[in-house]
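The following features are taken from TrEMBL:
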{"type": "DOMAIN", "residues": "56-169", "note": "domain 'Glycosyltransferase 2-like'"}
{"type": "TRANSMEM", "residues": "17-36", "note": "transmembrane segment"}
{"type": "TRANSMEM", "residues": "291-311", "note": "transmembrane segment"}
{"type": "TRANSMEM", "residues": "317-336", "note": "transmembrane segment"}
{"type": "TRANSMEM", "residues": "348-370", "note": "transmembrane segment"}
Amino acid sequence: MRESVLEIFNHLSTFEWGVFAFFLAIAVLRMVYLILFSGRVAFLKTPPASAPEPVSLLLAFRNEEANLRKNLPTLLSLGNNDYEVVAVDDFSTDASLTVLGTLKRQDLKMHVSSMSQETHFSEKMARNIAIKAAVNEWLLFLTPTVSSFAPGWLSNVESVLNDDADVAVGYSNLKPNGKFVSLLFRVELFFQQLKSFGFILNGLPFVVAEENVAFKKQKYFEANGYHNKISESFAHLELLINSFMQKKTTLLLSKGEFACWEEKKVSFEAFFDLLKKEIRLKRFLSGNKRFMLFFTNCIELLFFPVAALLFVFVPALWPLIASVLGLVFIFRLFIIKRILFRLNERKLFLPSLLLALLRPYFKLVFVLWYRNTERKGNGRTKFIR
């Protein structure tokens with residue numbers, strides 16, 4: 001066997017040697033990424049507990065009467081009394097304010113404000129009002145659709161916050177509902193957050209979602225609020241948090257005990273908006289973060305096509321090629337399974353494995369389509385309010 005492999009290598013042309021060397025280089029880089037980025041997330045320890053820091057939970061919404069009735073009582077009964085809930089109504093036309101008023105009379109932790117008229121960029125303005133109204137130093141934004149939390153969620157978060165940190169990033173996603181589009185959304189959001197977590201641990205921090213991310217109120221004002229980002233329609237607090245995140249002052253809470261889940265229906269339009277949001281968020285990141293995202297995406301995109309090319313030109317090396325592919329696949333399988341287990345997302349295991357193979361190529365096509373759409377002037381498909 002050894003002699004036959006050596007004989008094959010002796011007869012390789014320069015082009016075939018080049019393809020083989022390129023494949024090995026990509027495989028090594030892929031393994032390095034899995035170990036240093038995803039692997040570190042899989043084995044990350046929980047930050048040490050300290051004296052609990054009280055948190056202000058922020059809500060900003062429009063026409064969420066049903067979700068407020070259903071979910072806000074849960075938010076007001078999380079088991080400890082050192083937190084507050086600050087809700088800002090963004091000019092709702094339903095009975096959202098009535099629901100808030102009733103709950104405010106029943107619970108002193110509830111604080112309510114509202115916008116009296118329609119304004120430009122009102123989603124960001126509502127968040128700004130909530131931040132200014134908050135009493136506590138630590139703030140954490142949620143949506144009215146958040147319906148379930150890990151046991152002891154808020155106490156767990158408060159117990160790891162400390163004076164040396166500015167940001168604490170937790171995991172959030174949709175609750176499973178059996179719908180295919182919901183599954184697509186959940187898998188995509190999981191992988192987006194997994195990449196974000198890996199970059200945080202390697203000194204290139206950014207977040208892809210504003211929900212379940214705690215940050216210090218002071219940092220918002222030091223960043224001068226939204227400033228020149230106020231017209232961005234697909235993202236809100238993520239833009240600001242990304243502007244002041246640093247590795248040494250960011251806590252990564254990548255376990256299920258710090259997680260929360262939303263209960264809402266999503267459409268394919270919402271799924272595509274999630275992809276657009278990721279594209280647009282990256283444009284506000286620093287150059288080194290954008291380069292690393294581009295580089296790691298290229299490695300992932302090229303891995304299987306180069307392997308297929310090698311199969312075509314040097315079919316005799318198929319045992320070696322298959323072994324490398326198998327090694328990378330098994331290692332990734334192990335890491336994803338461990339991370340999903342830590343996040344209490346076991347139902348995502350098989351779908352995430354299957355969709356992960358096609359996801360890079362689908363997203364490449366989508367990015368090219370979206371950029372072409374933007375050049376034609378139709379890229380900003382979300383109504384800005």
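Backbone N, Cα and C atoms are what each Cβ position is placed from, and that goes for glycine too.
TrEMBL does not curate its annotations; it predicts them automatically.
The average pLDDT computed over the domain 'Glycosyltransferase 2-like' (56-169) stands at 93.
Secondary structure of the domain 'Glycosyltransferase 2-like' (56-169) per DSSP, as helix, strand and coil residue counts: 42 helix, 29 strand, 43 coil. If you count C-beta pairs under 8 angstroms between the transmembrane segment (291-311) and each of 17-36, 317-336, 348-370, the highest count goes to 17-36.
Sequence-distant neighbours of the transmembrane segment (348-370) (same chain, 6+ residues past either end, Cβ-Cβ under 8 Å): 183-184, 186-188, 190-191, 272, 275-276, 279, 297, 300-301, 304, 332-333, 336-337, 340, 379. The list of residues near the transmembrane segment (317-336) in space but at least 6 beyond its ends in sequence, with Cβ under 8 angstroms from a Cβ of it, reads 5, 8, 20, 23-24, 27, 30-31, 34, 38-39, 42, 303-304, 307, 310-311, 349, 352-353, 356.
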